[in-house]
Amino acid sequence: MPSRVLITSALPYANGPLHFGHIAGAYLPADVYARFRRLLGDDVLYICGSDEYGIAITLNAERVGLGYQEYVSMYHKVHKDTFDKLGISLDFFSRTTNPFHKAIVEDFYLELKSKGLVENQISFQLYSEDEKRFLADRYVEGTCPKCGFDGARGDECQKCGADYEATDLINPRSKLSGSQLVLKETEHAYFHLERMVEPLLAFIEKAYLPEHIRKFVVDYIKNLRPRAITRDLSWGIPVPDFPNKVFYVWFDAPIGYISATMDWAASVNTPDLWKDFWLEESTEYVQFIGKDNIPFHAAIFPAMELGQSIPYKKMNALISSEFYLLEGAQFSKSEGNFVDMDAFLDTYSLDKLRYVLAATAPETSDSEFTFLDFKTRCNSELVGKFGNFINRVLAFAEKNGFRELTCPEALEDKDRQFLDDCQRIVQEAQAYYSKYSLRKACSAIMELAALGNVYFNDQAPWKLLKEGFAHRVEAILFCACYCQKLLALIAYPILPGTAWEIWNMLAPKSLDLENQDKDRVKNLWNTEFIDFSDEVFSLTTPQLLFTIVD
């Protein structure tokens, strides 16, 4: 019976364009996994949406002279266009200004408050008289209270590494205007996360976390403290019965996964369908996020869910990436260290980019994108191994008039060993995808392509054809094409366009392309498709898959 799988990627903040680091961290891995689970025949729902509230949005919208809604709508469209260009196969891309979001955020808050998990508290916060607003930590700097470094950030000193409250800074000032800040009394609602430590630890023990983050998550949960979940802003979801307050963006944003699913259900005219994914314990829920979002997804959002009477689905697996750099430095448009994604895709094919991002994904440690590595991988792996294997086999078949290939009645031992090895690599690739490893999946793809090349070289059908062994040549071509069919299968999650082209050129009897959606190929990774005994290939004119990168 197919499994029901809910997949979410961290909501991109509607405050700027996405770069390769974002894509390699939270979006390509989720897309690859969604495509893989669809191939297995599972009922997959891949959801995402724009995160549209927060002080950074208000400040930047004001700076460029746009209204808040106009500003976030602009970047919502930018993000949607980016995902479309990159082949991110989202089933729905919503936003936190969707018509369902406000009500469910209020419900979460009121439930937590009714259970005594949210209480109001008066505190002193840094306020800018010039800008007439309270400033979040990221917009504050001053002198470190520990080492005396002037220019320390609002929450951490980048010189000595000390962390502190922004109110502990000496001579705090606004990073926006440079004006001195004053302490001003304000009241906020605080979520008593420290009261959720035990249920959170019990929950995390059962969830799948990559080993390199588990200790961090457990330590973080053990040290939870009350956290303000309201802000003094005009842009945000108003807090019930709390005038002039809105919810902190990291309180409302994760709830966006649920409201986005409600939005999707409404879009397909089945308003209650969201419940199949969020209110059924049998659903498998996998989250994909970046490193800096771990605390909110591993502790804060689960705590919010655990505090509800409604049994919302909690994640079964949290897949977090490390940082992805560009030529050894962080992506930064302001500092000129960025890649124009549109210009890049105008120059290079999409699958080249997807492959290199997958092969260098920051799965367990920081990694980087370099143009030299991009060129090397494209030319050596995609052109030299993968593309060469496909092209040489199909070009040879066309040149010599082999169009219809059926499974030979008698396979030689070396053929059977080759076919067994092909199936072994498919099983390995399935294990790699199941464990969320794009890097290892890329290795399996290249291993299978290399295996096919070696087999074709060793059998040397061009020699056999000259010697009059046409039936033997046909058997070799069948085995090579079978390998290519499986190569397209294991490559599809990462190289969907390329896999589709291969299947079109092979036209295998086992695949009805007319009844498949190119972007959502389903129910192929099974014994029927992998079996070769009844296979027939109706070869078409081969097309070059990859070109050299200069």
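Cβ atoms are placed via backbone N, Cα and C, with glycine included.
The structure displayed is predicted, hence computed values, not measured ones.
Some features that Swiss-Prot has for this protein:
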type	residues	note
MOTIF	12-22	motif ''HIGH' region'
BINDING	Cys144, Cys147, Cys157, Cys160	Zn(2+) binding site
MOTIF	330-334	motif ''KMSKS' region'
BINDING	Lys333	ATP binding site
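Annotated features, which come from Swiss-Prot, shown on the structure.
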residue : record              : CB count, 10 Å
Cys144  : Zn(2+) binding site : 23
Cys147  : Zn(2+) binding site : 12
Cys157  : Zn(2+) binding site : 20
Cys160  : Zn(2+) binding site : 12
Lys333  : ATP binding site    : 12
Discussion item. At a C-beta cut-off of under 8 Å, are there same-chain residues at least 6 beyond the motif ''HIGH' region' (12-22) that contact it? List them, or none.
Written reply: 48, 50-52, 54, 56-57, 60, 71-72, 75-76, 78-79, 82, 95, 290, 323-326, 330-331, 333, 338-339, 341, 357, 369
Worksheet, complete the sentence: Comparing the Cα of Lys333 (ATP binding site) with the Cα atoms of the binding-site residues Cys144, Cys147, Cys157, Cys160, the shortest distance belongs to Cys157
Worksheet entry | Shell of the Zn(2+) site beyond Cys144, Cys147, Cys157, Cys160, same chain only (C-beta within 8 angstroms of their C-beta centre) | Pro145, Lys146, Gly148, Phe149, Ala152, Lys159, Gly161, Ala162
Discussion item. Using DSSP, what is the helix/strand/coil residue split across the motif ''KMSKS' region' (330-334)?
Written reply: 0 helix, 1 strand, 4 coil
